[in-house]
Structure formats: C-alpha cells, structure tokens
C-alpha cells in the first residue's frame, strides 16, 4: 500500500551552504550551555521526549515501540518482515550501520513533535526563534571515553549531567516550570508494567523486567535474585543509581601516580585504528586472524556498566528502553564517523566490495514506498542531516581550494585523537622521562591506603613530581627546553594485551563478564566485591539474552546459538603493567613471597604474570561462575610492539603480536590458551625457554 511506511530521512532543515549541517554536540557541553539557542533546545527536547512517553504503547512512533525495535516487545515494526523475530544486527559488520538510522529515527520523531506539537503552543512572536532552535538541534552524544571536569579534584569519567536530576526547570508556553526529566528514566504510560497482558501483543517477556513500569540503572547494588526484583511499587517505577555507573567507570590509580587499570581512552583509541572495517565493527570472532577487540566490544561493556544489577541497559532485549541508551549509541555512531574519516580508502573498499554494504537494514525504510536503507545509504552522516565536531567537512582545516580533502581530515583526526585519547603514548612518554622508583613501595598492591580513585584532590602530576619517597621523579629537562625536546621522534615499546574468545551462547544466552586481574583475586562475590577489586585491570562483557524458544524469541539469536558463534574481546595491559614497574609495587603471592615487576621486557613480564595474572567469570550480579561451564572460553596474553610518535599528527602503531602461552597454558580450568587453539596467524610460542625476537 503506497504511502503507509515511515521513511527515515533525518532532520533535513538546518542545512547551510557548502555542505554545512548541524552538529551533534557532546551532551555535557550541550546541557551546560547558556546560549539562548541551546536553552531553547533543552526545553524542546525535554518536552518532546515527555510527549513521546505519553503516546499509546501500541503507536509505532511511541518511545516504547521505537525502543522495542531493538528486540522487545517482539512484534513487527512498520510492516517489516519479521521471520527472525528480531531486527538488531549484533555480531554483524552492520552493527554500527544498523544503529545509525535507529538513532536517527528517535531524533527525527522528537523533531517532529517539537515542530508540530510543542512550538505551536507558544506565542506567535516566539515561534520563529524556537523553530530555528529545533532546526539546529541534533541528539547529543555521551563521550564516555573522555574524563569530565568535576566540582573538586581532577577530571574523571562520569555519567551525563543530563541524567542526574529527576526534575529540571525549562521554558514552557506558560513560563518557567519544573517538569520531570525524561532522561532520568523512561516511564510507561499510566504506569502499566511492561509485561502486563493487557498490552498484548506489545508485551515484554524478558524477566524480571516484565514487572517494571520504568527503567533502572544499577537497581540492586548488593545483588538480587531474579524472582525478587521489581516487586515493590518503588522498584517497579525505576531505581536510578547513577553513582553505580560512575563506580564502574572509575579508574583506580596508584597513590604515587599511574593507572592500575586499563584505560578507557586507550581502548577507544586502539579500536579506531583497526582495519578492515568488519574487524572494527563487530566482536564476532575471526579465529586465526588475530582479531580481538572491536567497536561492538567496548559498546557491550558500556551497556553492562550503564545497566549494572538488573538495569535495563544491561539486557539487549530491553536495553533501548533506558534513555541513556541513545546518548551512548550516539557515541558509538560517532566512532563510525571517526573511523570512516581516518580510513577513507578502507571505507571505499568495504562499501564497493562487501555484500553486507548493500544488505537491507530492516526495518528502516528509505521512502514511503517501502524500500529499505542500506549501509551505502547511511555511510555518511550528512545524508541524515548531521555530523560530529571532529568530522565537519567544511572547516578550513579539512579543505583544499575550498573543497573537502579527505587526507587533511585524516591528518587532523590523528592530531585530535592523539591529544584526547592516546593514553598509551602519553604513558610511554612519561615513562621515558621518569626513573624507576627505588626502593620499592612499602605497600603491596592490595593495600587500600596505597590506592586512590581519580577523585583525589591531589593531581597525579603533582604526585609524580613529588619527593623520591612518594613517587617517580621527572628527570630534569634543560632550561629553555620542553619535555618533547628530549624525547625521541619514535618511542618503541613492548605492548601487552589480554585476549578472550568464547561462544556467545555458552550459558544458554545468559550474560556473563570475564574479569582480568593482576594481583590477588578477591574472595567472595558480588559486583562491588569482585568488580571493585583494586587488582582488577579490565573486563569483557557478553551482551546477550537467553534464547526464549517458548516465547517466540529471536530466531537470529537461535541461529547464532546453533552455529555456536564465537565472540572475542581484548584489553590492553601495558599501562597497568607500566605503573606496577615504575612504582615497584609489591604483589603478594600465595607462597608468601612478594614480587615486583623488574622491567617491561618479556623475560620479566612473563614470570611476573605467570604468578599474578588471573581471570574469573561472573554473572550479572557478580557471582563467580565455574569456568569449566564455558568450555569454549580461551584466555591469552600477547605481546606486540607499540610505536608512539612525538609528532601528534602520526597515529600510534601496534603490530607483531605473539601469544605468551606460558602465562595461561597451565590454568587448572583449561580455559587458558594453547598453541593448538590457533588464535593468531603466527602460532609461534614466545616463552621463557625461547629467545625473544
């Protein structure tokens, strides 16, 4: 039937000359702005989302139905084929490109509500200014890989300011009013539970969320049995424990300076270097090709950190119900724009050669006649009427003779990413300018007084520049020179990473987390006990839901389960090891001995990690899962070479990884990698008995 479909076109008003399109802003920058246009946008966005919450849950353009496209309620959307009982393309190269029109759909509908329902309620004299504000508005992104300024202390990873307050003051047609903040959490119309039978067929079946009428974050800090979750009226309407999200994001630092955990900035940076495109995009394991981490990999961990114990963000079936989902996915979409700008040739190759580039992104239509969008249509964000601060094609730095120059953009992006996210290079430069602590610290890694989180009011640089007893001391730089003047053009260093592969549906689709430790593993269980351990250096989250065969669940998920699809993940260990070495931090061993890392060379790192590198698998509540239940799990540590440049226009280079099998092959659980697993193209074992290259 002609004209029945809802096309995803993006917000087209707001375009300017020479390819100008409005820019999606970082959410804190946008929400904190006092510019009149942004203040107007704050009001329009808050009112638009509130109005969408009040639409009938059966309306395909209600917030509930749009969020449900991600999986539940399990119903077709906009008349699209629904044989697979699911649309979302996780574990696929189209993971980022499918989510692009998905985010645009919400953005576009919010704009329509602003223009057609909200602005007409204002005095006619105010409407032109408000229409201009709406035309220039685009949904903001949450840059979770950047540390944000705090009221006291140094910058720290944080949740958006926009989601912290339940009520906000905005401008309305009646004047300034305090209204409920829709970004605080989603709430069902009339408070009906998502699994209430009267919603049929538009019901959620994922337990325990069937009982919830609002979304939650880190709802049960100390854990909870599924059957006990969301049983009181207060719990059903939503528990917003944003501090729980912040605790997950917090990076532990040694008191005298240096990070003890993997760096979120470093992870973000490394992923953007990955080629070809499918390896960047998806965590579906390519065993034997050496591919481990991905855009989907870091995306999954952020879902876990955003959701926590029975938080909606942590479950794929209903993850999109939490408004934090959309702020998060705008940043994932930004990663796609950054990657394309950094790798223009690789982008062209994938778009021209890969069948996935023309596969339909169901259920998203390109026109009212029912044609579907594909990755080629969506590749350039400008197609939908927006871009990001770093990828504006019209700015002079990205042009030659008033025309867009893709090489110039790639160079400028390298500078931006190096300065903002390349903590690996920053750590190596700092290491090059410092001495190893002597004598070793008098406090072991597990001593709580020796570790701080980055909310400490004492700047890390101040601690590192402190006296010889409380930190490494920066070497003297000759008068009149900068540190960069005494650094070599290229710093070449060993780089260490922890890798993991596993069957995505190893536990029948129940989510689990693989946690890595350098040092003793905490006794007991629970997210705060295990996940908050001072010795945990990183984690990988399996973002998955049980396959609900008895409830008409996702056939695509069932297919992946039958095919025993493998997922992969990776975290960098180098910065955490570097701190342990430079600060000479003692690590307790079960033998009663204390060990320090004498150097970053494999001759010292391998025996140190044999004694002190551990991993555990936990469920979403933080309870330890017997690793023998996941026979497909394989953990490895690999060493490669990192090349870091003083010239900020040159990206760091990470190459030539070989697995250090000695570290993991003796694991009692059998989940440590073995040469026969063929995880990397070059299977040569780098061990204590063999000379290093």
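Using the three backbone atoms N, Cα and C, a Cβ is placed for every residue, glycine included.
Predicted, not measured: the structure shown is a model, and the values here were computed from it.
Database features (TrEMBL):
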- 90-107: domain 'Tyrosinase copper-binding' (DOMAIN)
- 322-333: domain 'Tyrosinase copper-binding' (DOMAIN)
- 426-453: region 'Disordered' (REGION)
- 435-453: compositional bias 'Basic and acidic residues' (COMPBIAS)
- 667-693: region 'Disordered' (REGION)
- 674-693: compositional bias 'Basic and acidic residues' (COMPBIAS)
Positions whose Cβ lies under 8 angstroms from the domain 'Tyrosinase copper-binding' (322-333), at least six residues beyond its ends: 24, 27, 49, 67, 70, 96, 99-100, 102-103, 106, 139-145, 159-160, 162-163, 182-186, 215, 217, 295, 299, 302-303, 306-307, 311-313, 381
For the domain 'Tyrosinase copper-binding' (90-107), residues assigned helix / strand / coil by DSSP: 13 helix, 0 strand, 5 coil
Tally of DSSP helical, extended and coil residues in the domain 'Tyrosinase copper-binding' (322-333): 10 helix, 0 strand, 2 coil
